[in-house]
Amino acid sequence: MSTGTSASYKRDNAFYALDKVERILLDGYSLCDACTGRLFGLRGYGLSNTERGRALKTLLIMKAFQASPRQADLELLRVLARTGFEPARELLKKLSGEDVEVKACSICEGLTGRYYELALRAVEEAKSYEFNTFEVGVRIDAEVIRREEELWRRYGLESAESIRNEASREVGKIISKLTGKEYSRNNSELLIIVDLSAGAIELHPAPVFVYGRYRKYARGLPQNPWPQPDERIKFNTSIEELIVKPALELFEAEKAKFHAAGREDIDVRTLGTGRPFVLEIKKPRKRNIDLKVLAEKINSGAGGLIEVLDLAYTDRKTIKKLKSLASIAKKAYVARVKFEKPVDDEKLAEISKVFSNAVINQRTPTRVLHRRVDKLRKKIVYRLEARKISQDEVEFYLETQGGFYVKEFIHGDNGRTTPSIAEFLGNNVLSIELDVVSIEETAA
């Protein structure tokens, strides 16, 4: 038999684990039942590491005792007794009268005996949270990991399981049994961090994601809290605040993040189907709120400034979808524009044809140039219709690609957007009242 085949045979032999444990204990290590079994934790199923460790120690007692008391291997019994293994302690005392002192486990120093205690504490602390699924994360002193891995290397142990992995599983099993909740590593609603060394528990509830659409009825209302004075702002609040505050109260959450499919200017209304958004509610204690109640609370508290609709639970993927579509999905607008002089009727009659599926060149608008890089964007106007209201006023209906600067398309931004409505009509723009009336959630 070759050397490689012989080594493989020894590793696969039923007595391989037994021989390794005997050698380790006789070399002066003391291992608790769990740490003993964990040395071969990746071998087989159906046994806990504690059960596996006790089984190995039981077999070693049988080996130590042999055929009769006179032939007993007292040294092997002593090292087994020092691990705290009661059958070995009792047998040693009976055979030799010795009562050896129990040594702390050379790897965990007693930490594996804390699983049930920490699980109970986690269950108690989790009572104030709503959840159906959970997972357990483990923190442990680096010295424990070092001792464990050093033992693996020294004795060539290739099927050992880490104490961190064992603790996560065993504490999770206890919590699941005590609460009836499901242990899940995927999409868990509550992450329970167990610090084995410090004996501490941390709870981290997963965010709740709520999809919806908002209509903005008031001009002068920013989407998010505005950091500096702005003459366009007419209200001491924002769309985000009007939506977030009621949600925090109902979900008993610490904070929330507001994700919208783009944004309208402060002086622009959003009507029609509304603007899609996702509310990411962080560290919620409640997860199963009736969203009709949330919508009513938001709408009644908004005083007519905004309205939310179509609220539904969703997940993080929807945020990515909203962000990715914001620059390409089709949007529709109605703009009421006042010009410097009377509008040419013939030109106005041609405008729909000229700007049907037209590609517009837009440099970064002057009004945002201080905070955005100056670059050229090519965007599409799919449809443009015009209705004359008075000699110098026109109402336009536009359907455009997402990320399109509508105001600049109307007034031209001193040539930074071309072609523009003002350029085509040969007429300067004095004022614009703009409304968003439709935002699609699929690319045009």
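Heads up, the Cβ atoms here are built off N, Cα and C, so glycines get one too.
Record features (Swiss-Prot):
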ACT_SITE  Asp265  active site, nucleophile
BINDING   Tyr333, Tyr405  substrate binding site
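Locations of recorded Swiss-Prot features on the structure.
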residue : record                   : CB count, 10 Å
Asp265  : active site, nucleophile : 17
Tyr333  : substrate binding site   : 22
Tyr405  : substrate binding site   : 21
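Tyr333 (substrate binding site) sits 13 Å from the residue listed as 'active site, nucleophile', counting Cα to Cα. Distance noted between the C-alpha atoms of Asp265 (active site, nucleophile) and Tyr405 (substrate binding site) is 10 Å. In the three-state DSSP reading, Tyr333 (substrate binding site) counts as strand.
In the three-state DSSP assignment, the secondary structure recorded for Tyr405 (substrate binding site) is coil.
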